[in-house]
Amino acid sequence: MKESEEKMARIAGVKYVDREHKLQRRNHRLIEVIRSPSYSRKLFVLWIMWFVVSLCSYATDLNSSRISGNLFVNQMLFGVMLAISKILLVTLDTLRPSFNRRRLHQSAQAAACACFLTLTILFVCEYKGVAILIINLAGTVFNEYTWDACYLCAVEAMPTEMRASSLGSCSLIARVGALLSPMVRLSEPS
(Lines of atoms letter the chains of each structure in order from A and count residues from 1; the text may use other names and numbers.)
(Lines give C-alpha, C1' and ligand atoms only; values in the text may rest on other atoms or scores of the structure.)
Protein backbone atom coordinates (compact mmCIF):
# COMPACT_ATOMS: atom_id res chain seq x y z
CA MET A 1 0.00 0.00 0.00
CA LYS A 2 2.85 2.33 0.84
CA GLU A 3 4.41 1.87 -2.60
CA SER A 4 1.21 2.80 -4.42
CA GLU A 5 0.71 5.86 -2.20
CA GLU A 6 4.26 7.00 -2.96
CA LYS A 7 3.62 6.51 -6.68
CA MET A 8 0.34 8.47 -6.49
CA ALA A 9 2.09 11.31 -4.63
CA ARG A 10 4.88 11.37 -7.24
CA ILE A 11 2.32 11.50 -10.10
CA ALA A 12 0.38 14.28 -8.32
CA GLY A 13 3.59 16.22 -7.73
CA VAL A 14 3.18 16.41 -3.95
CA LYS A 15 5.43 15.24 -1.16
CA TYR A 16 4.56 11.81 0.23
CA VAL A 17 3.53 11.79 3.89
CA ASP A 18 3.68 8.41 5.59
CA ARG A 19 0.49 7.65 7.52
CA GLU A 20 -0.72 4.87 9.73
CA HIS A 21 -3.66 3.03 8.19
CA LYS A 22 -6.44 1.37 10.13
CA LEU A 23 -6.82 -2.33 9.68
CA GLN A 24 -9.68 -3.28 7.43
CA ARG A 25 -12.55 -4.90 9.30
CA ARG A 26 -13.86 -8.07 7.77
CA ASN A 27 -17.26 -8.03 6.09
CA HIS A 28 -20.12 -9.58 8.00
CA ARG A 29 -22.16 -12.35 6.49
CA LEU A 30 -25.91 -11.92 6.18
CA ILE A 31 -26.61 -14.31 9.05
CA GLU A 32 -24.48 -12.13 11.33
CA VAL A 33 -26.47 -9.05 10.31
CA ILE A 34 -29.76 -10.87 10.98
CA ARG A 35 -28.58 -12.02 14.42
CA SER A 36 -27.92 -8.41 15.47
CA PRO A 37 -31.29 -7.13 16.80
CA SER A 38 -30.85 -3.47 15.87
CA TYR A 39 -29.51 -4.17 12.39
CA SER A 40 -32.01 -6.92 11.67
CA ARG A 41 -34.84 -4.43 12.25
CA LYS A 42 -33.23 -1.95 9.89
CA LEU A 43 -32.67 -4.68 7.33
CA PHE A 44 -36.30 -5.81 7.56
CA VAL A 45 -37.49 -2.24 6.86
CA LEU A 46 -35.08 -2.04 3.92
CA TRP A 47 -36.40 -5.35 2.58
CA ILE A 48 -39.97 -4.03 2.68
CA MET A 49 -38.94 -0.83 0.93
CA TRP A 50 -37.06 -2.64 -1.82
CA PHE A 51 -39.82 -5.23 -2.33
CA VAL A 52 -42.61 -2.66 -2.67
CA VAL A 53 -40.60 -0.36 -4.93
CA SER A 54 -39.60 -3.24 -7.17
CA LEU A 55 -43.13 -4.60 -7.34
CA CYS A 56 -44.56 -1.17 -8.25
CA SER A 57 -41.79 -0.29 -10.71
CA TYR A 58 -42.00 -3.50 -12.68
CA ALA A 59 -45.81 -3.57 -12.58
CA THR A 60 -45.85 -0.06 -14.02
CA ASP A 61 -43.34 -1.02 -16.70
CA LEU A 62 -45.23 -4.18 -17.64
CA ASN A 63 -48.42 -2.14 -17.95
CA SER A 64 -46.82 0.37 -20.34
CA SER A 65 -47.92 -1.63 -23.38
CA ARG A 66 -51.56 -0.83 -22.51
CA ILE A 67 -51.01 2.94 -22.60
CA SER A 68 -52.60 4.83 -25.48
CA GLY A 69 -50.38 5.80 -28.39
CA ASN A 70 -47.32 4.31 -30.02
CA LEU A 71 -45.38 1.96 -27.70
CA PHE A 72 -42.00 3.10 -29.03
CA VAL A 73 -42.80 6.80 -28.65
CA ASN A 74 -44.09 6.11 -25.14
CA GLN A 75 -40.89 4.26 -24.19
CA MET A 76 -38.82 7.14 -25.60
CA LEU A 77 -40.87 9.56 -23.49
CA PHE A 78 -40.22 7.41 -20.41
CA GLY A 79 -36.47 7.53 -21.06
CA VAL A 80 -36.39 11.28 -21.68
CA MET A 81 -38.50 12.00 -18.61
CA LEU A 82 -36.26 9.82 -16.41
CA ALA A 83 -33.12 11.58 -17.67
CA ILE A 84 -34.63 15.01 -17.07
CA SER A 85 -35.87 13.95 -13.63
CA LYS A 86 -32.36 12.87 -12.57
CA ILE A 87 -31.00 16.29 -13.55
CA LEU A 88 -33.81 17.97 -11.60
CA LEU A 89 -33.12 15.79 -8.56
CA VAL A 90 -29.42 16.74 -8.51
CA THR A 91 -30.33 20.41 -8.94
CA LEU A 92 -32.89 20.26 -6.12
CA ASP A 93 -30.45 18.46 -3.84
CA THR A 94 -27.78 21.08 -4.56
CA LEU A 95 -29.98 24.15 -4.13
CA ARG A 96 -32.03 23.05 -1.08
CA PRO A 97 -29.95 22.04 1.95
CA SER A 98 -33.11 20.93 3.79
CA PHE A 99 -33.72 18.22 1.16
CA ASN A 100 -32.79 14.80 2.59
CA ARG A 101 -33.32 11.11 1.87
CA ARG A 102 -36.38 10.86 4.13
CA ARG A 103 -38.09 13.75 2.37
CA LEU A 104 -37.12 12.27 -1.01
CA HIS A 105 -38.53 8.85 -0.14
CA GLN A 106 -41.73 10.05 1.49
CA SER A 107 -42.59 12.65 -1.14
CA ALA A 108 -41.77 10.29 -4.02
CA GLN A 109 -43.89 7.53 -2.45
CA ALA A 110 -46.80 9.91 -1.84
CA ALA A 111 -46.66 11.22 -5.40
CA ALA A 112 -46.40 7.69 -6.86
CA CYS A 113 -49.39 6.58 -4.75
CA ALA A 114 -51.37 9.60 -5.96
CA CYS A 115 -50.53 8.68 -9.57
CA PHE A 116 -51.58 5.07 -8.99
CA LEU A 117 -54.82 6.16 -7.36
CA THR A 118 -55.58 8.50 -10.26
CA LEU A 119 -54.80 5.76 -12.78
CA THR A 120 -57.05 3.35 -10.89
CA ILE A 121 -59.94 5.82 -11.04
CA LEU A 122 -59.34 6.41 -14.75
CA PHE A 123 -59.27 2.66 -15.46
CA VAL A 124 -62.48 2.11 -13.48
CA CYS A 125 -64.12 4.91 -15.50
CA GLU A 126 -62.75 3.22 -18.67
CA TYR A 127 -60.94 6.37 -19.77
CA LYS A 128 -58.60 5.76 -22.74
CA GLY A 129 -57.05 9.20 -23.39
CA VAL A 130 -53.60 10.74 -23.20
CA ALA A 131 -53.99 11.61 -19.50
CA ILE A 132 -53.13 7.98 -18.71
CA LEU A 133 -49.79 8.40 -20.46
CA ILE A 134 -49.01 11.64 -18.64
CA ILE A 135 -49.91 10.26 -15.21
CA ASN A 136 -48.00 7.05 -15.94
CA LEU A 137 -44.94 9.12 -16.91
CA ALA A 138 -45.15 11.04 -13.63
CA GLY A 139 -45.62 7.83 -11.64
CA THR A 140 -42.59 6.27 -13.30
CA VAL A 141 -40.45 9.30 -12.45
CA PHE A 142 -41.54 9.14 -8.81
CA ASN A 143 -40.88 5.38 -8.75
CA GLU A 144 -37.37 6.10 -9.99
CA TYR A 145 -36.90 8.67 -7.22
CA THR A 146 -38.00 6.01 -4.76
CA TRP A 147 -35.29 3.67 -6.08
CA ASP A 148 -32.73 6.42 -5.43
CA ALA A 149 -34.01 6.77 -1.89
CA CYS A 150 -33.84 2.98 -1.38
CA TYR A 151 -30.17 2.94 -2.33
CA LEU A 152 -29.40 5.95 -0.14
CA CYS A 153 -31.24 4.47 2.85
CA ALA A 154 -29.49 1.12 2.47
CA VAL A 155 -26.05 2.71 2.25
CA GLU A 156 -26.66 5.07 5.17
CA ALA A 157 -28.46 2.62 7.47
CA MET A 158 -25.85 -0.13 7.49
CA PRO A 159 -22.25 0.11 8.68
CA THR A 160 -19.50 -0.49 6.12
CA GLU A 161 -18.72 -4.04 7.20
CA MET A 162 -22.40 -5.05 6.84
CA ARG A 163 -23.19 -3.05 3.71
CA ALA A 164 -22.29 -5.61 1.04
CA SER A 165 -24.36 -8.45 2.47
CA SER A 166 -27.24 -6.09 3.34
CA LEU A 167 -27.39 -4.56 -0.14
CA GLY A 168 -27.12 -8.02 -1.69
CA SER A 169 -30.08 -9.26 0.35
CA CYS A 170 -32.07 -6.13 -0.54
CA SER A 171 -31.34 -6.79 -4.21
CA LEU A 172 -32.56 -10.37 -3.80
CA ILE A 173 -35.79 -9.20 -2.16
CA ALA A 174 -36.27 -6.64 -4.96
CA ARG A 175 -35.92 -9.43 -7.52
CA VAL A 176 -38.64 -11.38 -5.73
CA GLY A 177 -40.86 -8.28 -6.02
CA ALA A 178 -40.01 -8.05 -9.71
CA LEU A 179 -40.89 -11.72 -10.22
CA LEU A 180 -44.25 -11.21 -8.52
CA SER A 181 -45.08 -8.00 -10.44
CA PRO A 182 -46.89 -9.80 -13.31
CA MET A 183 -49.38 -11.01 -10.69
CA VAL A 184 -50.54 -7.40 -10.25
CA ARG A 185 -51.70 -7.30 -13.84
CA LEU A 186 -53.21 -10.79 -13.64
CA SER A 187 -55.18 -9.86 -10.53
CA GLU A 188 -57.14 -7.05 -12.21
CA PRO A 189 -60.62 -7.83 -13.49
CA SER A 190 -61.00 -8.64 -17.19
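Backbone N, Cα and C define each Cβ position, glycine as well.
What TrEMBL records for this protein:
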TRANSMEM  43-60  transmembrane segment
TRANSMEM  72-92  transmembrane segment
TRANSMEM  104-124  transmembrane segment
Contacting positions for the transmembrane segment (43-60) when only residues 6+ beyond its ends and CB under 8 Å are counted: 33-34, 105, 112, 116, 136, 139-140, 143-144, 146-147, 150, 153-154, 157-158, 166, 169-171, 173-178, 180-182, 184-185
Folded-back contacts onto the transmembrane segment (72-92), same chain, C-beta under 8 angstroms, at least six residues removed: 64, 99, 104, 133, 137, 140-141, 144-145, 148
